[in-house]
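As given in Swiss-Prot:
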ACT_SITE  Tyr202  active site, proton acceptor
BINDING   52-80, Asp106, Lys206  NADP(+) binding site
BINDING   Ser189  substrate binding site
Amino acid sequence: MACQCFLVGAGYVALAAVAYRILTIFSNILGPYVLLSPIDLKKRAGASWAVITGATDGIGKAYAFELARRGFNVFIVSRTQSKLDETKKEILEKYPNIEVRTAAYDFTNAAPSGYKNLLETLNKVEIGVLVNNVGLSYEYPDVLHKVDGGIERLANITTINTLPPTLLSAGILPQMVARKAGVIVNVGSSASANQMALWAVYSATKKYVSWLTAILRKEYEHQGITIQTIAPMMVATKMSKVKRTSFFTPDGATFAKSALNTVGNSSDTTGYITHQLQLEVMDLIPTFIRDKILTNMSVGTRAAALRKKEREAKAQ
């Protein structure tokens, strides 16, 4: 009898766990993308300026345009001043009623003095939104000792993917804390959700972004500051090397609009409904099967990249 009661109880617990998982999946997919209305971002930010790093290409540039569309002044940060000037011109042509400032910074420079100078420039304005977007990936997937670009590339990936969200957040948070308002968006990657073979350093550094952001949410949960992780899958950008959009692959502008609509409604999400759907489905697959699928995809990507590299070498 006791054994029977235990089995019945265990069955109810298992059923409750399955029901909770299903509800969580539907909540993650439908909540921020269908059911919940976007918040008043300007009110949540508490200030009129938005800082965006890596803002001259891809997702970062799209965030800059979308924030400008929503009436924010934008402070764009990237490595090359000429590209910053061109991006500034493009933004002002489309949104002439806002202000755009630029700051050139090479994020491979890990020196604290460099960050102090950059933060001194940025903190001259009241920053309501900080989008830590700048990032670096592999040229193509490979095992650690064969990564294209070698030690230098690995060092740059580690530096660029981890230091900016850490140090810029630390340097801009004081004014947000003083106002008890502000939004920080740390752009990671869905590569952080898995231990991805052939992407070791990229996957690991994006996991750092995810953990850092989650811990910052705990540290500042009573300060009126919204701190969000965005972990996209494939977006048609220069870094992803994907040119064509599809149902699962939005362009940067579509993605940025969707992602900003989730601020305040989800603290950790992919930023796009079909990305979230993919992530939730992948999460249901046993780890050993998921790892095999992802590794096979990466091996295929590497093979295609090496064939292209060989063709280009022969053409020279």
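Cβ coordinates come from backbone N, Cα and C, glycine included.
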Integer Å distance between the CA atoms belonging to the residue listed as 'substrate binding site' and the residue listed as 'active site, proton acceptor': 9
Cβ neighbours of Thr56 (NADP(+) binding site) where a neighbour is any other Cβ within 10 Å: 24
Pairwise CA distance, Ala64 (NADP(+) binding site) versus Ser189 (substrate binding site), rounded so that it is a whole Å: 19
Neighbourhood of Ile76 (NADP(+) binding site), C-beta criterion under 8 angstroms, separation at least six: Ile52, Ala55, Thr56, Ala64, Leu84, Thr87, Lys88, Ile91, Val100, Arg101, Thr102, Ala103
Cβ neighbour count within 10 Å of Phe72 (NADP(+) binding site): 25
Winner by Cβ contact number (other Cβ atoms within 10 Å) across the binding-site residues Thr80, Ser189: Ser189
Chain-internal residues near Gly60 (NADP(+) binding site), provided their CB is under 8 angstroms and they sit 6+ positions away: Ile52, Thr53, Gly54, Ser78, Val131, Asn133, Val134, Val187
Listed in sequence order, residues with CB under 8 A of Ala68 (NADP(+) binding site) and six or more positions away: Val74, Ile91, Lys94, Tyr95, Ile98, Val100
Between Thr80 (NADP(+) binding site) and the residue listed as 'substrate binding site', the C-alpha gap once rounded to whole angstrom: 24
Between Ser189 (substrate binding site) and Phe72 (NADP(+) binding site), the C-alpha gap once rounded to whole angstrom: 25
